[in-house]
């Protein structure tokens, strides 16, 4: 069974067991943001026996101590605050065998100006520690997203964005965007090392697993559904009519990880920016029923003339969540970490603008996901890791 499709159909993935003979590593990955929604998928896929470019040795960088739900991944965990240049140098510069950097993290601040400053500093700290100290460094893989074409969250509906479907050759918007800053920093830094290549990956709404992600839509909806179930309430739809009735798409976290790996090892994908999405479309009116069925809760409909927000419905629910965690023996979590209400409101409160996967296909990436199956599989994973009942 190829690694390429293992995530798509839920096949058992072959891992290198601790007592297996340790292979000579062909590639050494540095995943920056390893406990995030894409970092977690990369940490699962890179160590697989048949992952392209392998066998892979993997370093995973995150700010917090390693969580219990992440301990199964056979990686070298590096606790490091990349916003601190001294900590970045101390922790990352000794990793001299790194060949590939997968940068899949970000910091969320209150304004886009602050986002630009914070995220630029973090990215520079990593590259300043890695590029001069890793003689075999080959590739930097940077993840941004569809806001490249739409502008930052604070500008939604206030600025003129591109007409979808979005293609990678569209010009930058004339507005501040930390994605643009990160791309510029990367292009500047790769010039310092001959032969160093790069890729940029622009997913849409990500479906995946991580209790530590700041934009985990599936996890947020699972927590909302679990609270509705606990309180005996209907799962009301907290979004707009355009999201309920219109076409949406998503980007599966494992698919995005495969996309990163493909671009890192395939010569035809070097020095390019790519969209990455599942390749199909869905309507939230259908997925809402799926969500309700998975949690055994009554399914609501779009409510005309009612402005429903997750942030309002879930206000003050911390004691309820603590009770749910206690009664069901769940992994201890804080509601503010697993229920990202503002993000759910942004996604469900706006029309989804689609992208095009043609460039990825033309360069040789043919991966895809069935979004309904992916939605269910990520719900199942949240349950399996005891994040939700």
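Just so it is clear, glycine is given a Cβ too, placed from its N, Cα and C backbone atoms.
Copied over from Swiss-Prot:
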type     : residues                                                      : note
ACT_SITE : 147                                                           : active site
ACT_SITE : 179                                                           : active site
BINDING  : 35, 36, 37, 63, 64, 81, 82, 105, 143, 179, 206, 213, 214, 215 : NADP(+) binding site
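Across the annotated binding residues for NADP(+) (35, 36, 37, 63, 64, 81, 82, 105, 143, 179, 206, 213, 214, 215), the two most widely spaced Cα atoms sit 24 Å apart. You'll find the Cα of residue 147 (active site) roughly 8 Å from the Cα of residue 179 (active site). Across the recorded positions listed here (64, 147), the residue whose Cβ sits among the most other Cβ atoms within 10 Å is 147. Burial estimate for the binding-site residues (35, 143): highest at 143, by number of other CB atoms within 10 Å.
In this structure, the CA atom of residue 179 (active site) is 17 Å away from the CA atom of residue 206 (NADP(+) binding site). Most buried of the binding-site residues 37, 82, judged by other Cβ atoms within 10 Å, is 37. Among the listed binding-site residues, namely 206, 214, the Cβ with the most fellow Cβ atoms inside 10 Å is that of 206.
Cβ contacts within 10 Å of residue 179 (active site), excluding its own Cβ and spanning all protein chains shown: 24. In the three-state DSSP reading, residue 143 (NADP(+) binding site) counts as strand.
A strand conformation is recorded for residue 206 (NADP(+) binding site) in the three-state DSSP classification.
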